[in-house]
Amino acid sequence: MKNPEAQQDVSVSQGIRMMFYVMKPSETSFQTLEEVPDYVRKATPFFISLMLLELVVSWIRKGKPSGGLDDALASLSAGIMSRLPRLFSRSIELTSYVYIWENYRLISLPWDSPWTWYLTFLGVDFGYYWFHRMAHEVNIMWAGHQTHHSSEGYNLSTALRQSVLQIYTSWIFYSPLALFIPPSVYAVHLQFNLLYQFWIHTEVIDNLGPLELILNTPSHHRVHHGRNRYCIDRNFAGTLIIWDRIFGTFEAENEKVVYGLTHPINTFEPFKVQFHHLVNIWTTFWATPGFFNKFSVIFKGPGWSPGKPRLGLIEEIPEVEGKEIPFSSSASQLLKIYVLVQFALMLAFYEETFADKAVLSQVTLLLRVCFIILTLTSIGFLLDQRRKAAVLETFRCLVFLMLCRSGHLKPCLSSSSFAFEQS
Ligand SMILES: [Zn+2]
Ligand SMILES: [Zn+2]
């Protein structure tokens, strides 16, 4: 089963199945962490293909796309920003796990046993449930996770709207597994658990009958993304909905779900999408009197304030009517096409940078990351129609030319391979 070529070994069949967690232990068990494929990176063409499929199905069924281009680009921008730190180091979810495994493990379950595989599947999903629940119930954790909920649409692109900060708290909830489960098995399930949650972000699948009893489904997760009062703090599941049923946080979809934050942020700027709630916590922290109250601002629910229960009052959640219109960009169609082209070019650089990271110098890596962040920011400014957007975009184009001249960026797309790297 040990396979030194594992990093290249994800077939098209496996690629499709991994998006739904339909994998066999025998094909996804590895002895060492280094052999575990980067399934999430190899999923890019499947993300794109499924998003295009959703677009087509939505056109056929409803005569309109499944969401706005502005919202989708903001979601993809967040996804890209959340992955950039991995260009420089292994994720903290793996680093901390390996440290605990090497120093404090109690027993070593066999890495090649199907029983270890199934136990890890359950363990990671259970850890995810509690991480996710705390990410909604603890304000400082919500500062990261709110990014994922900031879209007022609901389609496959929403799944990619990921937080830069969230990983710095999620690792805690998986660490008990490091006492007995090998890192290579954990690293496989951590990725599949994330990938499984991609396809459930859609409105084109209504109800899946008996599967709704066990699995987290599009219907269950739509409730999770709702800002209707009945949706708040419900359905925290990753793969199995059983955890919500067991711990009393399950809610079935009934009235029309209105998506997004209870107080919409009305922006497509990536830094605001990622960090605006941290600023809220900072100002609330200093405005709240008393040491214990300040402590509570950080560690109680986002809706808490002095005199209220830990998770705030549900009657303070703004009521929804079902007719709310999602925030959208006022940019012209021509500007949106320009933005889309710039985003596609940047995505090619992004994929190429990940593919070549082992051979690129740290300086080139750093400059490319800065250029990617600059591009995402400029796209946000253009979509938001900010006054400084034209200045920023001109500056970005100059930076692009300078990076090309100095050899840190390639001016032409030599990376048509990005969409088919695993075939
Ligand atoms: Zn959530
Ligand atoms: Zn979600």
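These residue numbers are counts, starting from 1, taken along the chain as shown.
Yeah, the Cβs are placed from backbone N, Cα and C, and that goes for glycine too.
The annotation domain 'Fatty acid hydroxylase' is assigned in TrEMBL to 118-249.
Summarising the annotation, TrEMBL assigns domain 'Alkylglycerol monooxygenase C-terminal' to 335-421. Taking H, G and I as helix, E and B as strand and the rest as coil, DSSP gives the domain 'Alkylglycerol monooxygenase C-terminal' (335-421) the counts 66 helix, 0 strand, 21 coil.
The transmembrane segment annotation in TrEMBL covers 362-383.
Sequence-distant contacts of the transmembrane segment (362-383), counting only residues of its own chain at least 6 positions beyond either end whose CB sits under 8 Å from a CB of the stretch, comprise 70, 73-74, 77, 80-81, 84, 87-88, 267-273, 329, 331, 335-336, 338-339, 342-343, 346, 349-350, 353, 389, 392-393, 395-396, 399-400, 403, 408-409. Secondary structure by DSSP for the domain 'Fatty acid hydroxylase' (118-249): 85 helix, 3 strand, 44 coil.
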